[in-house]
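Visitor: I have a structure here, written as structure tokens, and I will follow up with some questions on it.
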């Protein structure tokens, strides 16, 4: 039987027509001489009816079970009024089946194929091909596909050239650990899977292509969390002779087109705010703020530095800060026990406690209220009103920022204070520090990557005798709803500046040329001013699909241990293959 349409597309327009459908049995209800079967395919569900009028088809239906693959031919008829289901597209009609065939049988699945299924995450990953049958997963991956199609169309319309860059590349010290691939032909030598196409796309600009685009796979051997995977996909762009402002305007137009194509949302890009990195950190405690949350961090250091509360006074005296958030309605909704739980959680950020006050019609209450008999100034600075809960952070600026950023996001989630009238809150974060200190590496590293151009007025900081860590960069991040969606910058195109940048990062001239000699030499042949950005496809798909984990928008993802339960990768390989690579693998318990 040749399929004529999808099950989920059949509706009243097909009344009295004969159709042939194929798909999976979602549910079967047997009433003897009348059997109902819900047929599911990628477009949705339609109800099939089998009755004694077509005895052969009824006999086939008697053997059908959940997840059997079937094909049917029948007439589209209107459902009885009591059978109408307005929750599905085909809910007004059903198929009176004339002919039926079972194409494949199925074992009983380890979990039911439906949305909101109560199944262990590892089990769903182990049987990912079953999990992907769920309507929600089908929707998620189609959203991902739409994003890719929209991006490629936009780039084609704007004269970008789609160029693929190597997957087997040279290992370069760009930040995260590389995934290494041993060479059989050159024993002891390794390729690296690229963490990004960064160097290749700069070389393409040096080659004169002017506008490059690629949907690129990238790989990083790093610890995982909900919005990260060891392999990921980015929509990668590089341009020549464009300023940072021009690149951001281009990306705004690109994102506007994608939002329209994928979720039918008319994004007003004129309302996308641009914040400096410092402003974002001061107001929100993070470089990826969720602007749907109205309340912000308020610096109360000057107000409390002379208070009798020693924790605050000592923090300011030691060069730290005291900041607060006023959580609307928090006074009534958080008990002391709730606040104690928050205090325990924020210890992971380095916080040594959580000071708080509840604002009432009479004034303030709480364990530190007695230290602020004249609290009017405190309420004025924080903007707190009766019913609000004031949460404080005191100490080192970075610890206070991380603590209050978490508390701001968590309280907004707890109390439904996220403004859903603004469902897509984009923002640009600009003027980043050129360097940042890494606790992991115990040294200064590039805040974005080593090829980011400093601000023009900060170039002198790279000279000998200057402090390079004072420099800021011509870099920009696009943020959406508290997630970093994309990161970009103007690149260094002159060898003298690039060498100074690498020196500031601790590279000797020999080490710089060992790692990046091909790029440095290329710059001696005249590279144009260039800049670009990479948008994370996985993260964008996650947000547009309304998911909280990027695994839900990747067909075959890894789990939090970077393993893939379905194929059980990574696995040991044949001993001969290892020998051919000139490697020795020690036994590891």
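A Cβ is built for glycine as well, from the same backbone N, Cα and C atoms used for every other residue.
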Visitor: Which of 279, 484, 499, 510 shares the ATP site with 220, 221, 222, 229, 536, 537, 538, 539 per Swiss-Prot?
Guide: 484
Visitor: For the annotation region 'Aspartate' in Swiss-Prot, which listed range does it cover: 190-193, 194-197, 198-201, 202-205?
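Guide: Within the set 190-193, 194-197, 198-201, 202-205, Swiss-Prot attaches region 'Aspartate' to 198-201.
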Visitor: Among all the protein chains here, how many other CB atoms are within 10 A of the CB of residue 222 (ATP binding site)?
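Guide: That number is 15.
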Visitor: Using DSSP reduced to three states, classify residue 537 (ATP binding site) as helix, strand or coil.
Guide: helix
Visitor: Do me a favour and check the Cα-Cα span between residue 484 (ATP binding site) and residue 491 (L-aspartate binding site); whole Å is fine.
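Guide: With the alpha carbons as reference points, the distance is 20 Å.
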Visitor: To see if you understand the setup: which same-chain residues, six or more apart in sequence, place their Cβ under 8 Å from that of residue 491 (L-aspartate binding site)?
Guide: 202, 205, 451, 452, 453, 530, 531, 532
Visitor: Among 220, 221, 222, 229, 484, 536, 537, 538, 539, listed as contacts of ATP, what is the widest Cα spread in Å, to the nearest whole number?
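Guide: The ATP-binding residues span at most 19 Å between Cα atoms.
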Visitor: Rounded to a whole number, how many Å is the Cα of residue 220 (L-aspartate binding site) away from the Cα of residue 539 (ATP binding site)?
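Guide: Their Cα atoms are separated by 15 Å.
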Visitor: Find the average pLDDT over the region 'Aspartate' (198-201) in the predicted model and report it.
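Guide: Averaged over the region 'Aspartate' (198-201), per-residue pLDDT gives 97.
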Visitor: Please work out the helix, strand and coil residue numbers for the region 'Aspartate' (198-201) from the DSSP assignment.
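Guide: Residue counts for the region 'Aspartate' (198-201) by secondary structure: 4 helix, 0 strand, 0 coil.
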